[in-house]
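Structure, as structure tokens:
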Amino acid sequence: MTSPYAKELEVAQLAVQRAALLTKRVFHEKAKGTVSKDDKSPVTVGDFGAQALIISALQANFPADEIVAEEESAQLRADPSLRDQIWEHVRSTRLDDAASEEAVLGGAVKDAEAMLDLIGQGNSQGGARGRIWAIDPIDGTKGFLRGGQYAVCLALMVDGDVKVGVLGCPNLPVNDSAALTADIGANQTDDEGRGVIFSAVIGQGATSRPLGSGALAKGQKISMKPITDLSSASFCESVEAGHSNQSESAQIAQKLGITKPSVRMDSQAKYGSIARGAGDIYLRLPTSKTYQEKIWDHAAGDLIVREAGGQVTDTTGSRLDFSVGRTLASNRGVIAAPAAIHSQVIKVVQEVLGQK
Ligand SMILES: Nc1ncnc2c1ncn2[C@@H]1O[C@H](COP(=O)(O)OS(=O)(=O)O)[C@@H](OP(=O)(O)O)[C@H]1O
Ligand SMILES: [Mg+2]
Ligand SMILES: [Mg+2]
Ligand SMILES: [Mg+2]
């Protein structure tokens, strides 16, 4: 008997791998086709193209499933030149392994119009019922533009619970033990020895494997660092000061006896890094009363960390709730840490936030 979600995992990993081939090409281009969205955040040819390729693979395999994806097609319909730039990438990005490309991912997208339709298919409102995929085609777009970390993110939720999570991180070291000592926060690229896929299926643990471009490489189990002494730990936090409150995190570090500076890294690469022990504690503290976290920014990382032996909660200690729509509506903050120290961190987070 095959294990639960084996097909979903295979499709998700290959879809992320193919989408990452596209983002890697755009990463090395000088002009990345960047435009500004209504909320003033950037989106590039890479984000749109990766979303089209992933949705194409999902629809070829699971046509009845719903999809919640970050990007929208409306802006592209009014911009034929941008559409054509994206189409050029979508048309020409293929896995090296022809069998996986055709038999698993369903092959090429028909034309530019079909591509726009695919991008627009990620408009599900989410919720607590049924099978829903969450896609962040490029998480950490600012990092992608800056030459930092970014991640191609895909997760399957069933009745509001994350069952499968995959993160493709082209700029992280492949090797889990090398990553332990590498400077994972600094400016990064996808040179030799870089590019990793993290994945997890509920109840089956978490793995990492080289990102590659052909048949999937063999994976290895990953687990969080067994920290007992917080004084040797460090936080892994956003690069962008607007995404997490850095002065509160400094106070929390001090109270916990953490002396090392925070590792600053864009995207869900943070979740993957702590899940393989190349980092300790993911901390995200709200900066605004109105911003709502999006499910695609957390779903895959949440499962990967929990399957690697961690706990992921908000600042009250409750699990993240992926069942309420496209956002984590009432969520305040995220703390992901090895299970043994998670409650200790939450206690101090609450002390510091409570002082305000
Ligand atoms: N105001 C605010 N507060 C919190 N979070 C926000 C905010 N604005 C945006 N975002 C989301 O942050 C995503 C980027 O992830 P990180 O914050 O972890 O990384 S970093 O900021 O790039 O360092 C980023 O994901 P992408 O848009 O996929 O890059 C955003 O969804
Ligand atoms: Mg994101
Ligand atoms: Mg994104
Ligand atoms: Mg974005």
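A Cβ is built for glycine as well, from the same backbone N, Cα and C atoms used for every other residue.
What TrEMBL says about a protein is an automatic prediction, not a curated fact.
If you look up TrEMBL, you'll see Glu70, Asp136, Ile138, Asp139, Asp297 marked as Mg(2+) binding site. Following the DSSP three-state reduction, the secondary structure of Ile138 (Mg(2+) binding site) is strand.
By the criterion of other Cβ atoms within 10 Å of the residue's own Cβ, the least surrounded of the binding-site residues Glu70, Ile138, Asp139 is Glu70.
Cβ crowding, taken as the number of other Cβ atoms within 10 Å, peaks at Asp136 among the binding-site residues Asp136, Asp297. Asp297 (Mg(2+) binding site) falls within a helix when secondary structure is assigned with DSSP. With a cut-off of 6 Å between Cβ and the nearest atom of ligand 2, the binding-site residues Asp136, Ile138, Asp139, Asp297 reduce to Asp136, Asp139, Asp297.
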